[in-house]
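Chemist: Here's the feature list from Swiss-Prot:
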type: SIGNAL; residues: 1-26; note: signal peptide
type: BINDING; residues: HIS67, HIS118; note: heme c binding site
Amino acid sequence: MLKKCVWLAVALCLCLWQFTMGTALAAELTPEVLTVPLNSEGKTITLTEKQYLEGKRLFQYACASCHVGGITKTNPSLDLRTETLALATPPRDNIEGLVDYMKNPTTYDGEQEIAEVHPSLRSADIFPKMRNLTEKDLVAIAGHILVEPKILGDKWGGGKVYY
């Protein structure tokens, strides 16, 4: 009988802990977290929570098969971390840079167009998931890519060691 009471008390404590601490452990989508660079001139934009969540959904739909967790399966040395995006030519660490890339992708050094091998609006005939994406959708996806490092830290683009 005592064992049953102890297990019941433990289960009750775990349930209470989950209800009280569950939301405290979740990432807060504050305006600071949702504020990301708009362009390379230093302007910023604050996404709405709805934009961020839509970007996350669209990223899962159109991008995550190759970029799950911010990595690049086809080229592990190029991830979606902010630092990596900033070093690209042209820089892709802002909304406009990422949207431009999703329209017409180029190599990391910016020398060659790679629309034939990387999904983009330009190659929507080859990559059907890109067909129905609008400019608004691309902004939401770019916003998601730029917000994730603020939420996940080193896990975003960190690879297998974090999953």
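Note: Cβ is positioned from N, Cα and C throughout, glycine not excepted.
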Chemist: Pick out which of the binding-site residues HIS67, HIS118 has the most other Cβ atoms within 10 Å of its own Cβ.
Modeler: HIS118
Chemist: Using DSSP reduced to three states, classify HIS67 (heme c binding site) as helix, strand or coil.
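Modeler: Helix, per DSSP.
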Chemist: Going by DSSP, give the three-state secondary structure for HIS118 (heme c binding site).
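Modeler: In three-state terms, HIS118 (heme c binding site) counts as coil.
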